[in-house]
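Here is what TrEMBL says about this protein:
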BINDING   G87, Q88, T89, G90, S91, G92, K93, T94  ATP binding site
COILED    425-452  coiled coil
COILED    548-728  coiled coil
COILED    814-876  coiled coil
DOMAIN    8-371  domain 'Kinesin motor'
REGION    736-783  region 'Disordered'
REPEAT    1047-1086  repeat 'WD'
REPEAT    1321-1351  repeat 'WD'
Amino acid sequence: MSGQDESSVRVALRIRPQLAREKIEGCHICTFCMPAEPQVMLGKDKAFTYDYVFDMDSQQDIIYTHCTEKLIEGCFEGYNATIFAYGQTGSGKTYTMGTGFDVNISEEELGIIPRAVKHLFRGIEERRDSATEQGKPVPEFKINAQFLELYNEEVLDLFESTRDVDGKRQKSTIKIHEDASGGIYTVGVTTRTVTSEAEMMQCLKLGALSRTTASTQMNIQSSRSHAIFTIHLCQVRVCTPDDSSNETDGRLANGSSKISSEFETLTAKFHFVDLAGSERLKRTGATGDRAKEGISINCGLLALGNVISALGDRSKRSTHVPYRDSKLTRLLQDSLGGNSQTVMIACISPSDRDFMETLSCLNYANRARNIKNKVMVNQDKASQQISALRTDIARLQMELMEYKTGKRMVGEDGMESINDMVHENSMLQTENSNLRIRVKAMQETIDAQRARLTQYLSDQANQVLAKVGTYWDRNNGPYSHCYSDCWFCVCRAKLLESESVNENLRKTLSRANTRSSLYAGGGSFSPAHFAPEIVASDIIEMDFQADLANITCEIAIKQKLIDELENSQRRLHTLKQQYEQKLMMLQSKIRDTQLERDKVLHNMVETCTEEKAKKIKLEYEKKLSSMNKEMQKLQSAQKEHARLLKNQSQYEKQLKKLNQDVAEMKKTKVGLMRQMKEVQEKNRVSECRRNREIATLKKDQRKHEHQLRQLEAQKRQQDLVLRRKNEEVTALRRQVRPTSGKVNRKVSLPEPLQDPSHRGIPGRPHSAGAVAPNGTPRKYPLRTGSVYTTRTARAKWQSLERRITDIIMQRLTISNMEADMNRFLKQREDLTKRREKVSRKREKIATEGTDTDRSIQSLNEEMDALAANIDYINDSIADCQANIMQMEEAKEEGDTVDITAVISSCNLSEARFLLDHFLHMAINKGLQAAQKDSQVKMMEGRLKQTEINSATQNQLLFHMLKEKAELNPELDALLGNALQGIDEGQPPRWSCCMLVVVNLTPLRGTFLPPCYPWQRPRKGQGTWGVINPVSSPKSSHAARLQCVYVAEGHTKPVMCVDCTDDLLFTGSKDRTCKVWNLVTGQEIMSLGDHPSSVVSVRYCSSLVFTVSTAYIKVWDIRDSAKCIRTLTSSGQVSSGDSCVSLRSLSIPPGENQINQISLNPTGSYLYSASGNLVRMWDLRKFVSTGKLTGHLGPVLCLTVDQGNGQDVVLTGSKDHTLKMFEVTEGVQGSIVSCHNFEPPHQECIVSLAVQGNSLYSSSRDYCIKKWDLSRKRLVQQAASAHSDWVSALGVVPGCPVMLSADRGGLLKLWHADTLAPLGDLRGHDSPVNGLATNSSQLFTASDDRTVKIWQAKGSLEEGIH
């Protein structure tokens, strides 16, 4: 009993009910308990399994019965126990443990500790009464109690009566020690001896009332300390040996007197731990002492979490467990991984507002299940020795018995061994028992079959006798051969019936096969969807089943025929015997009648007259003739019977053949069943193997994708840090003023860190280690040995650096998601309050009854709008929670590098190497943090100044509008509403007033100078661009396509252009994208800070997408032209402008040059051509959903059309091919092309244009081709269309004319249907790079830094002139 035994920590989960405040604020329940399973679902699909799960409606007694009852019983057997509640603040820990005493608490609401006290003293009384009834000595019990409080990392005694009010602020005198066996005990704690339940409860109340509590925003009565209530139980009882020891003692005593009673002393301690809840200061609103208490509580819980992780996380198992990081973990050292039976009750909140705290608690509880405690009985030394001796005696008695029975034997070499006969005997006994079971089962089967056979034969005999009796009565005797004929007619009818049954069975089987084939061919799951192995196995199994059904049917039919033939043989044999007996009887009667006749005639001759003799003779002749007739009938029946007997040999042959067929069919059936079982087993094994392989491949794929994303993010971060390193060091040197050579050397010491290759090759030695940057030799040169150049050290540093970066990125992403979720929660709370306010207002209006209908209708509409917004926010919260769960799973899958294991495996030189690099990293990170802080402070100052300027401008604008409002009643009404909003504390809506002013003055068709302050050029961007009109030529032969305006403002060639009816967007090599107002003819804004040339631009729904190198910037031009997202060619998304500091033409590793982008007609998806693929982006969520693959070379151009409810993406590549992709909304992953257009171009395709059902493509082979999209074939082509590369294509608005431009600046017009040339004109003196159209104009961008605006004068179908 004293030996160690492993026991896992059991974990129970309790979900408290929702509070009234949470229901009022509209919080949703994010947990769901699986019925009849100890499993809880968090969010949509994340499941956690524990030992016990208690839902919101669970009662206190149920929790106590499952979690604590067995622990109390174990204490009576000498086992230590611990039960502690863990969770966030306000999750119901104190209520569950029962330390928060209330005057009005009922019996049903008592917590674990009061119920455990009652159970303890009830168990003591039961054991005393049981010992008295059995006549044994009554056990003695001694119970002590301690109550500790851990407040601000100080252990305080709650039983100390002399403690003053300020005692918590004094240093505690309680010490924590460890005994020789590893147990934890305290010194200086008040221990109270209790003898009754009431006394124990009084002590518990006294300590609970002395505990520190306070009110926070999350909990009215929040525990501000950890409480540990300990019960020490010591009992002295009579030893209770087991049965084997009793038998042993009986044999040893051999009838002697009873052995005197032996006593044992058992001790046990039970810890009831009520932990203070983890809390966040921004949610609890704690300040001052409350904030210090919260920090201390979180520190203790963090140490507890680290201990749980070290003990429970299998991937982080290490030799050191940080028990000494906190006094809480030191006190609970026995409970976690020590000598104790431990139950952890994780208390959580069901509301989605506490989702992150709930997730953290569930993760820690899940890890705690893996903790293994070494449980042993606490006995005194004498009891332990007696138990050990008793165990040895029992073992020796067992060995002696084995020697006596021959089970053990000693060989010639003196070695002990087990007798082979024992093994053989045990095997034979097992086989004998199995055979007995089989014989018994077979005998039962034989008896049942025999009973059935007897019953069947009796029924059949009764039926035959009834038929024979009926026929006998009808024909006055069995003297007719009709009976045999009837019998054979019956047999023939049964044979025909069996054949018809066989035919029906065959038709049914064929019909079933046809139906199964139809289902297999026309179902939604066709064999083409599955692997060939699965289809082949299914076909084989179906063949086996069909063969088995056929054989079973044949066996049944032939078995019927065999039974009928056997019955007919038996009946024929019976009839034969009956006929032979009747013939013998008739022959004997005839002989007797003839003798009697002769005798009577002889007598008559002697005595009677002749007449009398004749009369007698006639009578006898009549008798003889009748008998002869009857005999003839019997003879004819006998002949018929003989004929049937001759046919009997044929029946016997047929019967024999049928028996053989049946035997062979049964063998075939057995073989088929065996083959079916083998095939099924093979299929099952192969399916399991395939499932395992698929699961492994999916897991590996997720790991690889996660590692790839991590590496890409790490690489981008490293590149950003490397590019900004020189600026950071320069700024740092400016802050320090070196005053001497020594200080100068200290300042210059980090200079080797600024080498850009340092991060790329972490293990490179510093060659300038012996000489300072100023040329003077150093007093202590750096190490130049092979310590810093070992390959192992470099590999370890790289793995650690990658792991640290991954952890930082994961935590950053999760914190961003959590911030979004908190923002949504705040919005939902505000909307809920507004809905309550509107509801009260509606009720008030309904009670007053003034203008009720209209007001209530408007309020109902507002209520519906608020409810819709709340539903949308709830969906957003659920999405955030699902994303957080996915990140947590990815983090668990990505934990491939154990930092502790890597560090612990380092030798001294590797540790120095790692420490040096950690120091450099800490300096760099600290410098970056300081710079970020200074930038934040500077931005805060600018924000404050901007707010002041904005208020001043709003005031001026208001006064200006007020003067104009006197002449405009509508503007006066808007100003009145604005003033009302100011009175209610809401900012005025100046945009409405500004729109009124703009609408009062029509601007279309006129070009006004810039008049808004935000249209002034920023520093470093040069002058703003202007769209200037171009005078039309005075010649009568002027072209019908004329340049009407020229947009000038770029300082370098314009690379791309996009437009609407009111706006124009141009991208240039000057790294800017300009936005032009086509109504006013002015540049509105300039979107700068691109890493290189802007090669493509697109506009949709107030969002501008610009492409530069491997990045796509998303600009929101409604809000001061702010970059809200940055997309990369590899599929990464970052908030804001992540490439603001990049000024290099080089593309980061892992990225590709983006050549062109295009939007689908609805503006919901963006397609970007980078490398040899096209990436798809969902603009509603700003995530990459997949890619279009299939090209062998870079994709240079693409366009998107709509068809059959899906996007039709057309791509042209450097591999001379033109491909079509059909993309359905919502599809994800890799998509291959649905069609390749043939024949391909001779050179790379550089431009595409779509009009209706026609596609136009141009290439560097000077050729333009027209394709029919419906029939997917080439319709027309114009070879040598230009004398230079065709760089752009477009369709002239309003007429069936296609426009092409080349690198020489020449513009050509073609008929859209026939590709017939309509003329050309000189558009630019430099290459044309882009072409765009709106509803009435064309725009061409050129290397001459201008964008020309063209307009058609008349119809162009007859020619350009």
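Cβ coordinates are placed from backbone N, Cα and C, and glycine is handled just like the others.
Keep in mind that this is a model prediction, so the values were computed, not measured.
Non-local neighbours of the repeat 'WD' (1321-1351) in the same chain are 1027, 1030, 1039, 1041-1048, 1050-1061, 1064, 1066, 1068, 1287-1294, 1299, 1301-1307, 1360; each lies 6+ residues outside the stretch with a CB under 8 Å from one of its CB atoms. The domain 'Kinesin motor' (8-371) scores a mean pLDDT of 78 in the predicted structure. Per DSSP, the repeat 'WD' (1321-1351) is made up of 0 helix, 19 strand, 12 coil. Cβ-based neighbour count (10 Å, all protein chains) for G90 (ATP binding site) stands at 23. Burial estimate for the binding-site residues (Q88, S91): highest at S91, by number of other CB atoms within 10 Å. Residue counts for the repeat 'WD' (1047-1086) by DSSP state, with H, G and I taken as helix and E and B as strand, are 0 helix, 24 strand, 16 coil. The local packing around T89 (ATP binding site), expressed as other Cβ atoms within 10 Å of its Cβ over all shown chains, amounts to 24. The number of other Cβ atoms within 10 Å of the Cβ belonging to T94 (ATP binding site), over all protein chains shown, comes to 26.
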